[in-house]
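Encoded as structure tokens, the structure appears first; notes follow it.
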Amino acid sequence: MAGAELPTPRADRPDTQGPGLTGCGSCAFANAANLTKLGVDPGRGDYIAAVAGNPNTGKSTVFNALTGLRQHVGNWPGKTVARAEGSFQYRDYRYTLVDLPGTYSLLSTSGDEDIARDFLLFGRPDVTIVVVDATRLERNLNLVLQILQITDRVVVALNLMDEAGRHGITIDVRHLARELGVPVVPTSARNGTGLPELLESVEQVANGTVVTKGVRVQQRDARLERAVSTLARRLADEFPGLDNTRWVALRLLEGDPSIERAVRDGTLGGLGHGARLAGAAEEAS
Amino acid sequence: MSDAAILDEAERLRNDLPGDFSDSIVASLYSDAARITSTSLTQDSQRARLTVDRALDRALTHRVWGFVVMGVLFFGVFWFTIAGAAGPSGWLMTLLVDNGHEWLRGLAVGIGAPAWLTGLLVDGVYLGTAWVVAVMLPPMAIFFPLFTLLEDFGYLPRVAFNLDRLFAKAGAHGKQSLTMMMGYGCNAAGVTSTRIIDSRRERLIAIITNNFSICNGRWPTLILMGTIFVGALAPPALAGVVAAASVVTVAFLGVLVTLLVSWGLSKTVLRGQTSVYSLELPPYRPPQVWRTLYTSLIDRTLKVLRRAVIMAAPAGAAIWLTSNVAFGDASVAAHLVGFLEPMGWLLGLNGVILLAYIVAIPANEIIIPTILMLTMTLGPNLFGAEGGVMLELGTAQTEAVLVQAGGWTLLTAVNLMLFSLLHNPCSTTILTIWNETKSLKWTTVATVLPLGLGFAVTAMTATTARLLGWV
């Protein structure tokens, strides 16, 4: 594979990244010496990572910081209207990074939300970085929870921590991570703060060193909860290995046409653990 | 199949549920988010943000002051662009056009290249390209960073907020103002950005009207006309301010036309409901000045310039060829200009300008160089230039060429500014519209409608000016 020929700075020999250390000993990327930005690289990565989040939380800033690309970053919502792709190498693995359009939820069916949702479901990223605006935590968590119903392989980048600090907001990161069941990394992507830690978590979730179990939203309505559980059990029997049965059950109860189609043509069965459906990612786009 | 059985089961379970169970799904989600937030987050209410942001928002989105600030800011940006670009443009002109061209020509003659090849490459391709670089690089290198700083600061969503009410009244989507902002850089990018609008009806309106946002390729035309014709009317001390005002006027006219056309479309062929949407006003952020300067120079300025140069090189060659290949008693260019002249007169323009707009369909960037070159070639030879040679002139001489050789008046300049706002989109944008709509009908409408408006408006101003005896 092409990845093998690339220079891969090792953790134990950080000096291979010479200028990064000598030139900027104090800057954020001094610790991210293992990061190689690959820009737009047509080669297939070892892992697919997605960047999701509400509009204007800094998704594209994170994307650019990791890939070295210069996706236009603007301080206004709705700037990324299609998926952008780039790649980077961290330690031994190459990642294909997909920048999804910002959405407030995955519940309605607008174009942007469909792109994001279909990619999370059918593109089956190995890890999804959800970029969260720390100054608007509650509204952002609505989306985080929805994503956690689809995939467990999530790392939350608690971004804009510098702004949150200026506004007198303190967040108990460990508590938040426990509640959500996935790693939470405080970052200020604009300054590069927290990105080394983010990369570390991304790697651990992608290669399975850390097994995450995202919180499941329980339905308050007892009848609904019963219906979801019943249908989820049927789904688990029918599609062993499918790990988001409760979410699929909810979508089926709501009569979501694209999920119904996936049940009918058997696509859903292929979404469990196992071989990655390379084609499904293309279709979903 | 059992897969179908699952769907049946879902159907059965659904029928047992209360009708509003979707709301209860959302409610569960929101209450979980609220609970997690309340246990993880503490806010020091003393230091709650808002004071500065709120005060700024109150001013910048005020019913009256919001628009005043908007006008002053955009005026300031253009004035700064016009005033700041004059010097560097002059230096580049001397360096690339005067000295560079002479040197290259000497070199070509020195190595004994045939005259037609020297003409085509040095007088056509090189001179066309050098002209575009000298005219466009300095204003773009000032305009883009300034605009990007405003964007980085968080001002653009406030503009969208201010304009939202107007767009709602016009029956269009409020997010259309955001797509307009993209259009001020490049209409093709603006058309693509309309994907943020979900309703097809409102999206089509946004696509059709995006062309009324003046793109990079057209700013130089406006700035040049404003500087040498309109600004020159004022005493020298005020010339820059008046020139900037004329450019801002045309830009605001573009907003007005956008609103009027949106209104017209939504009342006729694209009738329907106006969608509700939420526009988040992001916090103001101190712009990262150096990074902004760097990325706007590299990404926007050089990208635009590259496109202009790629387009200008073949156009320079084409102009040189049409001016030097004779057909009967005159060059091909002369025939075409003669054919277009009556129509040009009717519109208060001339045949050269119309021909230039045909040549410049691939890129608006080359309008001014094309006009100057054709005027020099076809008009009385004032500066001893050879046929088909693009200019070696400064701004002052440019005016002399247009007035003396081209017979230009203030009407010609003003109508060129108007026509620059109101004409067909460039071929890249037309292609993008086709890709986004996949509809021959709407692509045609988006192409022909602005052109028709341009004809109507310029014919009207020309007739009025002539009736009143101004020209």
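Yeah, the Cβs are placed from backbone N, Cα and C, and that goes for glycine too.
As given in TrEMBL:
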DOMAIN    B:135-226  domain 'Nucleoside transporter/FeoB GTPase Gate'
DOMAIN    B:248-296  domain 'Ferrous iron transport protein B C-terminal'
TRANSMEM  B:64-83  transmembrane segment
TRANSMEM  B:103-122  transmembrane segment
TRANSMEM  B:129-150  transmembrane segment
TRANSMEM  B:181-198  transmembrane segment
TRANSMEM  B:219-238  transmembrane segment
TRANSMEM  B:244-265  transmembrane segment
TRANSMEM  B:304-322  transmembrane segment
TRANSMEM  B:342-359  transmembrane segment
TRANSMEM  B:366-385  transmembrane segment
TRANSMEM  B:405-422  transmembrane segment
TRANSMEM  B:442-462  transmembrane segment
Fill in the blank from the handout: Restricted to the domain 'Nucleoside transporter/FeoB GTPase Gate' (B:135-226), the mean pLDDT of the model is 84
Handout entry: Outside the transmembrane segment (B:405-422), six or more residues from its ends: residues with CB under 8 Å to it
Key = 212, 214, 218, 221-222, 225-226, 228-230, 233, 246, 250, 253-254, 257, 347-350, 352-353, 357, 364, 367, 371, 375-376, 379-380, 382, 450-451, 453-454, 457-458, 461-462, 465, 470-471
Fill in the blank from the handout: Comparing B:129-150, B:219-238, B:342-359, B:442-462 for Cβ pairs under 8 Å with the transmembrane segment (B:181-198), the winner is B:129-150
Fill in the blank from the handout: Tertiary contacts of the transmembrane segment (B:64-83), defined by C-beta under 8 angstroms and 6+ residue spacing from its ends, are 139, 142-143, 146-147, 150, 155, 158-159, 161-162, 223, 226-227, 240-241, 243-245, 247-248, 251-252
